[in-house]
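Colleague: Not my notes, these are from Swiss-Prot:
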- HIS22: active site, tele-phosphohistidine intermediate (ACT_SITE)
- GLU134: active site, proton donor/acceptor (ACT_SITE)
- 252-271: region 'Disordered' (REGION)
- HIS205: site 'Transition state stabilizer' (SITE)
Amino acid sequence: MDNEGIGLYPLHRCKTIHLVRHAQGIHNVAGEKDHSAYSSEDYFDAHLTPLGWQQVDNLRNHVRAAQLLNKVELVIVSPMLRTIQTAVGAFGGEEDTNGADATPLMVANAGSSDRPAISSLNSPPFLAVELCRETMGDHPCDRRRSVTEYKALFPAIDFSIIETDNDVLWKPSPRESLEEVAARGVEFIKWIWTRKEKEIAIVSHSGFLHGLLSSFGKDCCDDLKKELSIHLSNCELRSMVIVDRGNLGTDSAETTNYPGKVPEGLDNPSG
């Protein structure tokens with residue numbers, strides 16, 4: 001029987017990831033008009049535009065309608081203003097009002113947002129990870145500020161695995177190549193397999209996500225290759241399944257498998 005194009009894998013070797021590109025940032029607007037604006041210090045660690053926040057609100061509505069908040073066990077976010085604002089706006093708790101006894105994910109007006117504080121109440125944990133940052137080099141909009149500054153703006157986000165307070169990864173030149181970003185993407189996916197969570201949201205950037213997706217699907221049909229190669233729009237969400245076809249992860253995660261033979265008895269292999 002021809003099973004070409006079909007894959008069958010044990011569920012405990014699969015994870016679901018929801019890839020999200022950040023909403024519109026001030027650098028996107030400037031760069032659309034003049035690409036050289038990406039090299040301007042005016043857009044250092046760019047924050048979201050008012051339109052970008054509208055996009056976040058719409059994504060938030062979708063996340064709730066699709067009941068993703070009931071499924072997502074962890075939100076991984078690139079440590080940049082625009083990605084963090086997108087992540088907490090889409091996956092965070094309600095507006096932090098009435099003195100709710102929960103550490104805020106975002107304080108009021110963080111990053112010139114003109115938005116109220118966002119609570120961590122009833123939201124999944126958030127983890128900042130440098131591996132999923134945007135293509136590094138040349139563009140100041142892709143250089144992060146200190147972790148100390150971010151912690152003051154986003155108190156409930158876990159920045160503990162970021163090794164240095166200041167940004168030591170971004171260099172003025174050269175800018176990372178697509179091949180380098182793709183390699184970083186593969187490293188990121190391998191790291192995902194060290195996590196116990198089975199369903200994870202990842203809020204990142206166009207260049208990184210394109211590099212990541214371009215690393216996979218080489219053995220797929222042309223339509224699927226094309227689907228993987230399309231750049232994500234601002235605030236777009238794409239859900240994917242990743243499969244451990246080697247032994248990258250562990251079998252410690254919960255599984256729906258059941259061992260059988262409880263209680264033990266005769267076990268005829270013919271039936």
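Cβ from N, Cα, C; glycine included.
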Colleague: Any idea what the Cα distance is from HIS205 (site 'Transition state stabilizer') over to GLU134 (active site, proton donor/acceptor), rounded to a whole Å?
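Modeller: Here the two Cα atoms lie 5 Å apart.
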Colleague: HIS22, HIS205: which of these recorded positions has the highest Cβ count within 10 Å of its own Cβ?
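Modeller: Checking each of HIS22, HIS205, the winner is HIS22.
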Colleague: Measuring CB to CB from GLU134 (active site, proton donor/acceptor), give everything in the same chain under 8 Å that is also at least six residues away in sequence.
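Modeller: Once residues fewer than 6 apart are set aside, GLU134 (active site, proton donor/acceptor) is near SER78, MET80, ASP142, SER204, HIS205, SER206, GLY207, PHE208.
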